Amino acid sequence: MKAWIFFLVCLAGRALAAPQQEALPDETEVVEETVAEVAEVAEVPVGANPVQVEVGEFEEVEETEEEVVAENPCQNHHCKHGKVCELDENNTPMCVCQDPTSCPAPVGEFEKVCSNDNKTFDSSCHFFATKCTLEGTKKGHKLHLDYIGPCKYIPPCLDSELSEFPLRMRDWLKNVLVTLYERDEGNNLLTEKQKLRVKKIHENEKRLEAGDHPVELLARDFEKNYNMYIFPVHWQFGQLDQHPIDGYLSHTELAPLRAPLIPMEHCTTRFFE
C-alpha cells in the first residue's frame, strides 16, 4: 500500500507541474466491450483523482501561426482520435488518417500504451493513427487500447482475489483522498467541500490500531462510520459519471480509471467486465 501511495503522490506532483493541454472528446465509435482511448497526462482538475486519466488527454496542442492571412477552415473542424484535418481541392475541411510517423517522439516509458492484442505502442498517438489505417477491417474493429504503459505479463485474477477487490478499491480511493488532503496546503487539490469530508476521514484514520479485530467490532465500526467509508466511492463515481450524468457508468466512462489501474492491480479487468 505504501508503494501505491508513493505512486499517487508522484502523479499528483506531476499533475501540478504539467502544463495544461487541450482534451479531446471521446471517440464516437466504441464497441461496448472496448475501452475508451486514453492518453498523455493533462493537468488534473481540482478535486480529481490524479491516477484517473482523461480520455484523449494525449492530444498535442495545435500550433497557430503568428501571422494568419485567412482563417483556417480546419481550425474548428474536429477529428476523432487518429485522424487529422486536411483541406480538399474545394478548400473544404475533411478528416484523414494521421501518419504514425508524424506523431511526436515519446519522452519516456510513461507515454507508451498497450493494445488488447498485447502490442506496445510508443504513444497513444501512434496507436490511434495505426488503428485508423485499419478502419473497415475486422482487425481494426476489434483493436482497442487496453491500458497505459508498455505491455507486461498480468497474472490471472483468482476468485478469492476478485472477492477482495472491492475492499481494496475502496481503501485505495480512501488513501488517494487522504494523500491529497495531506498535500493540499494551497495547492487546490480538493474543493473546500471535499476537504471538510476528507478531514473527518483523516482524523479517524487511526481510530482502530492495525491488527486482527473481532468481526463484530469491525461491523460496528463500519456501521458507525458508514458515510466515511462510502464517500471515497461516491467521490470517484461522480467524477466518472459525466457522459451523460445518469447514475450509471458505461465502459467508456470507466476507462479513465480502468486503464491506469490494470498494470498495478491485476484483478481490474475482471472486476470491470
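The count begins at 1 with the first shown residue.
Note: Cβ is positioned from N, Cα and C throughout, glycine not excepted.
Quick caveat, the model's predicted, so the values are computed rather than measured.
Listed in Swiss-Prot as the disulfide partner of C97, from the options C74, C79, C125, C132, is C132. Per Swiss-Prot, the N-linked glycosylation site annotation among the candidates N90, N118 falls on N118. Matching Swiss-Prot disulfide entries to the candidates C79, C85 identifies the partner of C74 as C85. Note: Swiss-Prot links C125 through a disulfide bond to C103 (candidates: C103, C151).
Each of C79, C114 is a candidate, yet Swiss-Prot gives the disulfide link of C95 to C79. Considering other CB atoms within 10 Å as the measure, the emptiest surroundings among the disulfide-bonded residues C95, C267 are those of C95. In terms of DSSP helix, strand and coil, the domain 'EF-hand' (263-273) has 4 helix, 0 strand, 7 coil. Cα of C95 (disulfide bond) to Cα of C85 (disulfide bond): a distance of 5 Å.
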